[in-house]
Amino acid sequence: MAVIVFAESWEGKFKKITNEAVSYAHGLAEAEGTNVIAVAVGALESDPAELGKYGASEVVTVEGDAFASFNASVWATAIAEVAEAKGAKHIVLSGTNNGKMIGPMLSVKAGASYISNAIDIPSNFAPFTVRRNAFSNKGLVDYQTNAEKVVVSIVPNALGVKETGGSASVSSHSSSAAADSRVNVIDVDRVKGKIPLPEADLVVSAGRGMKAPENWTMIEELADVLGAGTACSKPVSDIGWRPHSEHVGQTGIQINPSLYIAVGISGAIQHLAGVSGSKTIVVINNDPEAPFFKAADYGIVGDAFEVVPKLTEALKSFKANQ
Ligand SMILES: Cc1cc2nc3c(=O)[nH]c(=O)nc-3n(C[C@H](O)[C@H](O)[C@H](O)COP(=O)(O)OP(=O)(O)OC[C@H]3O[C@@H](n4cnc5c(N)ncnc54)[C@H](O)[C@@H]3O)c2cc1C
């Protein structure tokens, strides 16, 4: 009755958050006295055995024509098949975009209860009890289910990666998933060269204080020098200055990076709801009374159009002297 974990990959390579999901599954399995089996769906370039480093004792690969493009229904079927074959009661996945699509379908196909956005290892297994954020990150709630089988998704970047140093055996599963598909992927439009926001460890974000979309060049330059992802406040994406995929907050993406730099953002409660899990928050705002300073670890009161280029230059020369 191993713990199953979905080992998500992008263009054949395991995502960084997969290591975190496997680490979480390992913690869960240890508490239950069982082992972790990772399921990697789709063509793989990464060595499956590498997941042993984070606690998987076995990696099951599922490949074939049906898995050439991401299709949540087909992928969920494949994972549910492996879970059934291994007699798993618990299935873990990361709350990425793909994870969010797979999770509910997987719970139906596996006949399991679904708890999303967990931020801790379950405190109890009967009933299965796990903690998640509530009320826009202002409170905590312990979710409970009496279901025998549970699919649990974790908040990306919230729990961290733990290396346990083991090795994983590798096997493959031949899936019947193709016949199950009611969704056809007609086209895939890939964003190239960008760091996916929910997984970014460093994020540079900006708001209406930037005045116009053309001024985002300096935000992108700062993000480039740091190797960071870019984000924005809601009004900015509503006006069309930035894509909605960058909108963070209560109604946008929730992120948990190590560093969040907020430029020209007031710090409204709905914005903070999506970024308050950041480990370090740096705020750049010309209004010393901006509410965001109350949530900041470091604050710079100043005009973004002066501060940001200077910060970028300073970081460039720091990197050049490394
Ligand atoms: C139901 C609901 C859900 C919402 N969900 C979200 C959400 O998910 N995410 C979100 O972001 N918002 C959300 N909002 C909107 C939120 O309430 C705020 O309106 C929004 O976050 C403000 O965006 P902003 O800080 O970019 O703009 P503003 O409030 O206009 O603030 C701009 C800031 O830039 C500063 N500034 C101006 N010029 C400069 C300069 N030259 N240099 C430095 N600083 C400068 C100003 O001092 C100000 O603090 C939601 C609102 C509602 C009602």
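The chain as shown is numbered from 1 upward.
Any Cβ shown, glycine's included, is placed from N, Cα and C.
Here's what TrEMBL has on this protein:
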DOMAIN    3-190  domain 'Electron transfer flavoprotein alpha/beta-subunit N-terminal'
BINDING   R208, G264, I265, S266, G267, A268, I269, Q270, H271, N285  FAD binding site
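For ligand 1, the nearby binding-site residues are R208, I265; that is, of R208, I265, G267, I269, these have a C-beta under 6 Å from one of its atoms. Summarising model confidence by region, the domain 'Electron transfer flavoprotein alpha/beta-subunit N-terminal' (3-190) averages a pLDDT of 93. Most Cβ neighbours within 10 Å, among the binding-site residues I265, I269: I265 holds that distinction in the structure as shown.
Ranking the binding-site residues R208, H271 by other CB atoms within 10 A of the CB puts R208 at the bottom. Cβ neighbour count for G267 (FAD binding site) (all protein chains, 10 Å cutoff from its Cβ): 20.
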